[in-house]
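As structure tokens, the structure follows; a few thoughts come after it.
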Amino acid sequence: MADTPGTVALAMTGASGAQYGLRLLQCLLDAGVRVYLMVSRPAQVVLSMETDLSLPGRPREMERFLSERFGAAPGQLQVFDREQWTAPVASGSSPPDAMVICPCTTATLAAVSGGASRSLIERAADVALKERRRLVLVVRETPFSEIHLEHMLRLSRMGAVILPANPAFYHRPQSVDDLVDFIVSRVLDHLGVPNALVRRWGRDADHDTGREAGGVE
């Protein structure tokens with residue numbers, strides 16, 4: 001497992017699965033991690049469709065709202081606008097320890113793969129790659145086209161972690177929250193943030209099926 005990060009950049013884009021991003025934010029803050037948050041406008045629209053939450057549009061108002069909702073310590077959460085180029089994440093001189101795009105649209109995937117920096121989210125990912133920082137992309141799309149797969153392969157070869165939002169079922173989920181927690185737990189694992197969100201294969205429950213976790217041979 002990687003060392004626990006002190007600062008993580010979290011970007012939410014407009015793919016379905018806003019709950020993944022919100023839950024990840026909550027868990028990072030609960031773990032004492034400092035978070036630089038970026039939420040695209042499409043992500044705000046999707047979030048209002050998929051949850052009962054309506055985020056304020058202005059970064060400072062969003063920052064106060066989410067800090068109060070998740071009990072963040074003063075200064076622990078900072079929210080940046082999509083074109084706030086003075087943000088620390090925009091420069092290799094002050095990058096966070098890691099970055100996660102959760103959920104990640106295939107458009108964002110393509111932009112990061114191609115080195116585009118049209119928004120702060122794309123620039124932050126570009127910085128993470130060039131500075132060799134941990135970059136996790138929680139891609140939420142199905143099915144994948146050849147174009148999507150090529151972008152994922154390219155980014156994987158660059159060192160990014162491609163973590164599609166494909167939850168497992170061996171932990172016997174009882175709710176949507178359980179499915180969300182499975183993916184969030186895997187993201188936290190790759191960031192090096194200890195967590196006990198789900199039962200671990202072969203450790204926290206008996207698995208006597210004789211099958212491998214990835215499927216039946």
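Keep in mind that glycine also has a Cβ here, set from the backbone N, Cα and C atoms.
Automated prediction, rather than curation, is the source of TrEMBL annotations.
Record features (TrEMBL):
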type    : residues                                                           : note
DOMAIN  : 8-191                                                              : domain 'Flavoprotein'
BINDING : Gly14, Ala15, Ser16, Ser40, Thr105, Thr106, Ala107, Thr108, Arg140 : FMN binding site
BINDING : Tyr170, Arg186                                                     : dimethylallyl phosphate binding site
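Within 10 Å of the C-beta of Ala107 (FMN binding site) we count 15 further C-beta atoms, all protein chains included.
Predicted-model confidence for the domain 'Flavoprotein' (8-191) is 97, expressed as mean pLDDT. Arg186 (dimethylallyl phosphate binding site) has Arg140 as its nearest neighbour among the binding-site residues Gly14, Ser16, Thr105, Ala107, Arg140, going by CA to CA distance. Of the chain residues outside the FMN site list Gly14, Ala15, Ser16, Ser40, Thr105, Thr106, Ala107, Thr108, Arg140, Thr13, Pro42, Ala43, Pro103, Cys104, Leu109, Glu141 have their Cβ within 8 Å of the site's Cβ mean position. Largest Cα-Cα distance over the residues recorded as binding FMN, namely Gly14, Ala15, Ser16, Ser40, Thr105, Thr106, Ala107, Thr108, Arg140, equals 15 Å. In this structure, the C-alpha atom of Tyr170 (dimethylallyl phosphate binding site) lies 21 angstrom from that of Arg140 (FMN binding site). With a cut-off of 8 Å between CB atoms and residues at least 6 apart in sequence, the same chain places Ala15, Ser16, Gly17, Tyr20, Pro103, Cys104, Thr105, Pro164, Ala165 near Arg140 (FMN binding site), listed in sequence order.
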